[in-house]
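Only one structure is covered here, and it is reproduced in the block below.
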Amino acid sequence: MSRQVVRSSKFRHVFGQPAKADQCYEDVRVSQTTWDSGFCAVNPKFVALICEASGGGAFLVLPLGKTGRVDKNVPTVCGHTAPVLDIAWCPHNDNVIASGSEDCTVMVWEIPDGGLTLPLREPVVTLEGHTKRVGIVAWHPTAQNILLSAGCDNVILVWDVGTGAAVLTLGPDVHPDTIYSVDWSRDGALICTSCRDKRVRIIEPRKGTVIAEKDRPHEGTRPVHAVFVSEGKILTTGFSRMSERQVALWDTKHLEEPLSLQELDTSSGVLLPFFDPDTNIVYLCGKGDSSIRYFEITSEAPFLHYLSMFSSKESQRGMGYMPKRGLEVNKCEIARFYKLHERKCEPIAMTVPRKDAVSRLEEEIKKLQTTVQELQKRLDRLEETVQAK
């Protein structure tokens with residue numbers, strides 16, 4: 001009898017813990033716009049989420065500790081003239097947030113400490129350069145005041161927020177169709193994009209050149225999302241020809257074949273990947289799903305290892321991801337998500353159980369296995385007695 005060896009991992013027992021009702025943000029009207037962004041952005045000071053607004057676009061900014069029922073007259077950031085599609089906090093200043101909108105502009109806002117007391121209509125700077133709606137905004141991870149935006153005009157612009165000028169333009173000659181996702185590498189030297197023309201591109205932004213590209217990483221026609229992960233690899237989520245959702249891991253130097261390709265299910269929601277470089281765990285959150293799957297990436301085959309899945313009853317409209325410096329590490333928290341319901345924002349903490357808790361769990365499992373074996377022996381003896389009679 002062959003014995004199956006379980007792969008050793010520190011994160012095999014990671015579990016998701018939803019916050020209690022009094023730690024959620026209740027009565028928030030989450031945007032109904034159909035767009036594949038998270039609709040939520042968080043940092044150690046604030047949680048921001050795109051909300052329904054009449055006569056333009058708005059998003060809500062709340063201090064992280066201001067949980068409970070949100071007043072319907074709470075002030076919002078409401079300077080856009082059309083719905084907001086994406087928001088992103090600056091990694092170098094927790095009071096600065098950027099927003100992209102259907103009004104073709106990108107606006108950068110400064111939120112006062114303690115949150116808003118009046119509606120905020122005047123941005124610090126308005127960045128105008130796109131001719132169609134702006135669906136993606138992403139701050140440079142290491143250089144201050146550098147912001148990337150991607151619009152439905154198939155153009156990527158990199159802005160110097162300090163001067164309000166575009167320092168780099170990647171035009172429709174690079175992306176001939178709608179851009180689905182853009183991600184900076186961890187050091188900010190490269191960007192990775194996925195496009196409606198079914199290609200994933202790795203671009204060196206300083207030269208504006210495509211250094212690698214992969215045609216059809218997934219055979220399906222639905223949107224593909226791509227992010228950089230550890231050691232020069234990228235991870236993509238997409239759909240097979242039979243509309244099954246897939247996740248694939250690629251080596252950027254050899255894009256001919258994936259290092260790993262896994263089929264997940266047949267749901268229709270686009271999977272948004274969130275990568276944690278400290279633990280090498282990637283979390284997949286599907287819009288319309290009620291679960292978060294997580295995988296561990298390793299340097300040896302098969303490279304992508306399924307860990308577990310957090311499931312709940314209600315589906316998610318969007319998802320925010322807290323930076324590592326905002327976590328309660330003394331409680332063994334390794335990630336925290338902010339799940340958007342229709343009228344609620346719910347924090348979900350991903351926790352590694354302490355070693356003694358895991359040991360107790362394994363002891364309980366062994367006891368249960370022993371009990372099952374004893375019951376089986378009794379059952380066998382009873383059957384023998386019945387047959388003898």
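Just so it is clear, glycine is given a Cβ too, placed from its N, Cα and C backbone atoms.
Secondary structure of the domain 'DUF1899' (4-68) per DSSP (helix as H, G, I; strand as E, B; remaining residues coil): 3 helix, 25 strand, 37 coil. Among the features that TrEMBL reports, domain 'DUF1899' is placed at 4-68.
As annotated by TrEMBL, repeat 'WD' applies to 77-111 (among others). Residue counts of the repeat 'WD' (77-111) by helix, strand and coil are 0 helix, 22 strand, 13 coil (DSSP-based).
Per TrEMBL, repeat 'WD' is recorded for 127-169 (among others). Confidence across the repeat 'WD' (127-169), taken as the mean pLDDT and rounded to a whole number, stands at 94.
Sequence annotations record features per position, and here TrEMBL assigns coiled coil to 358-385.
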